[in-house]
Amino acid sequence: MTSARSPQAPRSPRASQAPHVPRPAGPPAPATDHLVPGDLVPAAVRDVAAAASPDELPAYVYDLAGLRAHVAGVRGALPDGVELYYAAKANPERAVLAELARPAGGVDGFEVASAGELAHVRAAVPGRPVAFGGPGKTPGEIARALAAGTDRFHVESLHELRLLTAEADRQRRTADILLRVNLPVAGVTLSGAPLAMGGGPGPFGLDPAGFHACLAHLAALGPGARVRARGVHAHLASGLDAAGLAALAGGIVTFATGPARAAGLPVEEVDVGGGMAVDYGDPAARFDWRGYGAALGRLLDRHPGLTLRIEPGRALTAYCGWYVTEVLDVKSAHGEDFAVLRGGTHHLRTPAAKGHDQPFAVLPREQWPHPWPRPATRGPAGLVGQLCTPKDVLARRVPLPAGGLRAGDRVAFAMAGAYAWNISHHEFLMHPAPRFHFVGGRG
């Protein structure tokens, strides 16, 4: 099925299937740090790129069949007792959420970080479990989340816990909570993590003093309170490999089942967050879900009856998205070539946000409608967009396949399925928004 829209804002594994990306037949392209081998570009993505007129580009193409296969592989690598939630902030497209929510092989629930995300997810996938996290929850958001039947609140501070307690009493509703902790983990350093969100001063979670203040508040509520503690949440870093995340998970579980439980916190669940590494320099690489799942299984073997929860975002959806565009012009300036593309970082901000060259495949087009020579690169080139800023760069001075890159050729940027369109500055210079295509759905 193909659909399109205009933009709008040791335990036994479950299955033996490993995460993978479908490899439809196609002409191979030379592989470098950024070039995507031709056989990794799904046939449906090639079809959209070939059929689109220039005015129908740029376009986001989401490969739902590839997403489905990848998530099924992730599920198969996780042991029983581990719940898989999707961090909706990574990509909140309705079709993506619906694919992830499929009963067979999908996720167990969704993590949101605002009342807007909560309402969006509730509308897109009604009835699925939702956890509400993030700092700075407003009183209005807390009230709306309670009224919407939010399944878990990740509490960030004593003030937030007091707001939640008062609102739960006012609405006469129950609020199940996890206390989000910011703790150092013995033997684990976060200094090398691409994005550290814990282990030291920061706005996320509770340090030991804040944690014990929340415990005192909960104890004072007494039996029958509408706010019920279920355990601990910790998201301490992003961009770690399986061994690093497994070590973090072990430290979080040790804290939850040891000091936290001894201090009086009921611990039925431990949410160890997301943060699985995604390597934009190697489009074929994948996080070691089997190794990570095996490590979580060993943790559960040591703590019978405990529920573990993980919240990947980027590592689930990055690979299903492609940003397809065309080369408008090729120019040389002071000895360096630049391919000017339709669109740019106002559509795909990921490389600017993370400081990498976005991986891509060149899809040649032989048609050339003009009587003058076709501009073409002569060597390595920068791939830039249409914005009036030198920061509008998708890839910097990268080698290109034999034949180079010509005006009129198409380019398909891979790994554009997470923190891409939804984090981009869409209104800057008021260029047209991209088209959106969802291919490989089940109907």
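We number each residue from 1, going along the chain as drawn.
Glycine is no exception: its Cβ is also placed from the backbone N, Cα and C atoms.
Sequence-distant neighbours of Cys388 (active site, proton donor) (same chain, 6+ residues apart, CB-CB distance under 8 A): Leu429. The annotation active site, proton donor is assigned in TrEMBL to Cys388.
Residues annotated as compositional bias 'Pro residues' in TrEMBL: 21-30.
Annotation comment: TrEMBL describes 60-417 as domain 'Orn/DAP/Arg decarboxylase 2 C-terminal'. Mean model confidence of the domain 'Orn/DAP/Arg decarboxylase 2 C-terminal' (60-417) amounts to 93 (pLDDT, 0 to 100 scale).
For 68-318, the entry in TrEMBL reads domain 'Orn/DAP/Arg decarboxylase 2 N-terminal'.
Summarising the annotation, TrEMBL assigns N6-(pyridoxal phosphate)lysine to Lys89. Here Lys89 (N6-(pyridoxal phosphate)lysine) comes close to Val112, Ala113, Glu117, Gly313, Tyr419, Asn422: these same-chain residues lie at least six apart in sequence, with C-beta atoms under 8 angstroms from its C-beta.
The annotation region 'Disordered' is assigned in TrEMBL to 1-37.
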